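So that you can see what the record holds, here are the features copied from TrEMBL:
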- HIS93: active site, electrophile (ACT_SITE)
- GLU164: active site, proton acceptor (ACT_SITE)
- ASN9, TRP10, LYS11, GLY170, SER208, GLY229, GLY230: substrate binding site (BINDING)
Amino acid sequence: MRRKLVVGNWKMHGSRAANAQLLAGLKEAGPWNADVTVCVPFPYIAETALALTATALNYGAQDCSAHEQGAYTGEVSSAMLADMACRYVIVGHSERRAYHAESDQLVADKAKAALAHGVTPIVCVGETLAEREAGLTESVVKRQLAAVIHTLGHCCGEMVVAYEPVWAIGTGLTATPAQAQAVHAVLRAQLRAATDRAVAMRILYGGSVKPDNAAELFAQPDIDGGLIGGAALKVADFAAICRAAAH
Ligand SMILES: O=C[C@H](O)COP(=O)(O)O
């Protein structure tokens with residue numbers, strides 16, 4: 001039985017005051033019988049770490065560099081994330097693939113850099129609406145995951161995978177539990193062919209997860225939690241999603 005994982009991706013939201021309120025609210029609402037993590041903007045990692053000291057909540061980042069160190073202005077290395085005791089880092093979110101032209105290989109290299117420093121990568125895959133309508137969902141997510149599996153080799157069993165259909169992100173359109181499960185099963189089979197750890201690996205669903213649809217999504221056999229955007233910014237909504245994961 002895989003323990004559920006719920007990850008709040010704050011994206012480019014927050015302020016010191018708002019974060020303090022959100023984290024205090026989550027500390028009060030928890031703990032839950034699930035792993036819960038917030039992935040916060042880089043400037044807020046230190047204060048988040050402090051706020052979550054001695055709690056069951058984890059924290060992480062939303063991206064990292066594929067480079068180790070050096071003259072890469074604006075980049076943040078996975079060594080730095082490890083130095084800040086980040087547990088997770090999201091790589092390959094569709095917003096980074098789309099707005100920063102991140103290739104499958106760059107995403108894979110970032111995942112490798114993270115693992116090299118003991119930070120667990122949450123590798124995002126997902127198709128656009130046009131790709132889904134063209135019947136390409138399976139081939140797109142398999143291509144994206146294959147690059148990571150190939151680059152990580154025998155370490156690929158240590159990552160978390162997140163399936164996020166691009167058309168469901170921030171749109172209020174959620175994949176139905178059956179649609180999501182179908183893709184998760186494809187991803188699980190691909191992982192099974194690559195590592196004997198596949199059965200223990202967590203595959204998260206992301207895309208308009210809300211308190212009223214979380215339980216049904218999380219009840220699917222290959223959905224092991226969620227990557228939550230908008231609803232992660234509201235204590236009551238995120239807490240309700242964490243509760244749904246705890247069943
Ligand atoms: O990383 C989170 C996803 O992009 C989902 O965002 P959303 O829950 O606002 O649709």
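Cβ coordinates are placed from backbone N, Cα and C, and glycine is handled just like the others.
Sequence features annotated in TrEMBL and their locations in the structure.
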residue	record	Cβ contacts under 8 Å, 6 or more apart
ASN9	substrate binding site	CYS39, GLN62, ILE90, HIS93, GLY206, LEU227, ILE228, GLY229, ALA232
TRP10	substrate binding site	VAL38, CYS39, VAL40, PRO41, GLN62, ALA232, LEU233
LYS11	substrate binding site	GLN62, GLU95, GLY229
GLU164	active site, proton acceptor	HIS93, SER94, CYS124, VAL125, GLY126, TYR205, GLY206, GLY207, LEU227
GLY170	substrate binding site	SER208, GLY229, GLY230
Neighbouring CB atoms within 10 angstroms of the CB of SER208 (substrate binding site), all protein chains considered, total 20
Counting Cβ atoms within 10 Å of each Cβ, the densest environment among the binding-site residues GLY229, GLY230 belongs to GLY229
Largest C-alpha distance in Å for the substrate site residues ASN9, TRP10, LYS11, GLY170, SER208, GLY229, GLY230, as a whole number, is 14
Taking all protein chains shown into account, the Cβ-based neighbour count within 10 Å for HIS93 (active site, electrophile) is 27
Once DSSP output is merged into helix, strand and coil, GLY230 (substrate binding site) belongs to helix
